[in-house]
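Presented below is the structure to which this report refers.
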Amino acid sequence: MLQSPLREHSRVLGLGAYRPDVIVTNDDVCQWIESSDEWIRQRTGIVTRHRAKADVSVVDMAEGAAREALQQAGIEGSQLGAVIVSTVTHPYATPSAATALADRLGATPAPAFDISAACAGYCYGIAQGDALVRAGSADYVLVVGAEKLSDFIDNTERSMSFLLGDGAGAVVIGPSDIPGISPSVWGSDGSKWDVIGMTHSMLEVRDLSLAAESVGSLTSAAKDREDDNAKLWPTLRQDGPSVFRWAVWEMAKTAKRALEAAGVQPEDLAAFVPHQANMRIIDEMVKQLKLPENVAVARDIADAGNTSAASVPLAMHRLLQENPQLSGGLALQIGFGAGLVFGAQVIVLP
Amino acid sequence: MASNEEILAGLAEIVNEETGLAPEAVELDKSFTDDLDIDSISMMTIVVNAEEKFGVRIPDEEVKNLKTVGDAVDYIAKAQA
């Protein structure tokens, strides 16, 4: 019996982004919740978020980002040995977004699958892409974070919806002569399963819609269930303060462990690219990590909002567009979110 | 183990660092939200810094019971005992 020959190193060869073109301002948000532009900026750092039109899907956005990443990597879709899409907003439990994307890119019959790791999904994908390339299972792996969160929000709720945007970011991982992706520090904590997530499951959607059909209206069906606020469509919610505490203090420890695993000191970094959840989380993490001032910190959240799995590659893309001299430098990236899940690596910037 | 006065002074220092409020404004009967205008996110930063300073553990579910500065001082004093 044979096993794949191992490769020593892998790295990110190309990066791409897709930003949908509907811009939602804080003033727009204030039509739905009682707030103000100033309050939202102060508390979250968000000025606008990009959202996709009804006819733009998760796969469409993933394709836009993937084509740019392939071009930068200098490879064709047919050379991909695997396609991984991280998303929690592809609206089909099956089939996956990844198979449709692979086919559009000319990658068929490459293995293709989605992963559900919310805001850590991109870093989870990097862990898998790196492992597949180094294990000799694939020459090139496409990793995409793509989200259309606007399909799963309730504009009138205050815990989360106003933070969220849509978009996609993609990278191609391939063989390298030098170390390009550090060991992944990744994990989960299911004891905090309920601090971020959907209001209810698809089974409840089924039961509530059946009940509404038989009693004539959703309102009466909700009343029968003693739930005055029942809404048919599940949307995202979070316990903000608990998430904030975990995101800053636990994730700062995770980020430090990633630096240790990489054998890298904070002063060796060119950039820090954390998940874009809230500017206050980013600021507090920078403080906890004691990053020197010359480390560029990605703050894409101001324009893009929180785009879950897409946020790290989108933020990295902007950072490199605005600071092309960072290319080739080391970036610490970290994703964290619903599950709870987390993942972090140091990578060589493409 | 710190006295209640010492806990109050330490807490006032932490609140000052997070919000810029004068330490003498941090009095036992003041409500964190209504009087000191501290939001839930800043409150978490204050709680984590207080845990570190006083060597106690304040779980997430306890934080919402800490309505006034006095509540926090009492909780920390008990947790230290």
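Positions of Cβ are set from backbone N, Cα and C atoms, glycine also.
What TrEMBL records for B:2-80 is domain 'Carrier'. The O-(pantetheine 4'-phosphoryl)serine annotation in TrEMBL covers B:Ser40.
Summarised by DSSP class, the composition of the domain 'Carrier' (B:2-80) is 50 helix, 2 strand, 27 coil. Per-residue confidence over the domain 'Carrier' (B:2-80) averages 89 (mean pLDDT, predicted model). When Cβ atoms from all protein chains are considered, those within 10 Å of B:Ser40 (O-(pantetheine 4'-phosphoryl)serine) total 16, not counting its own.
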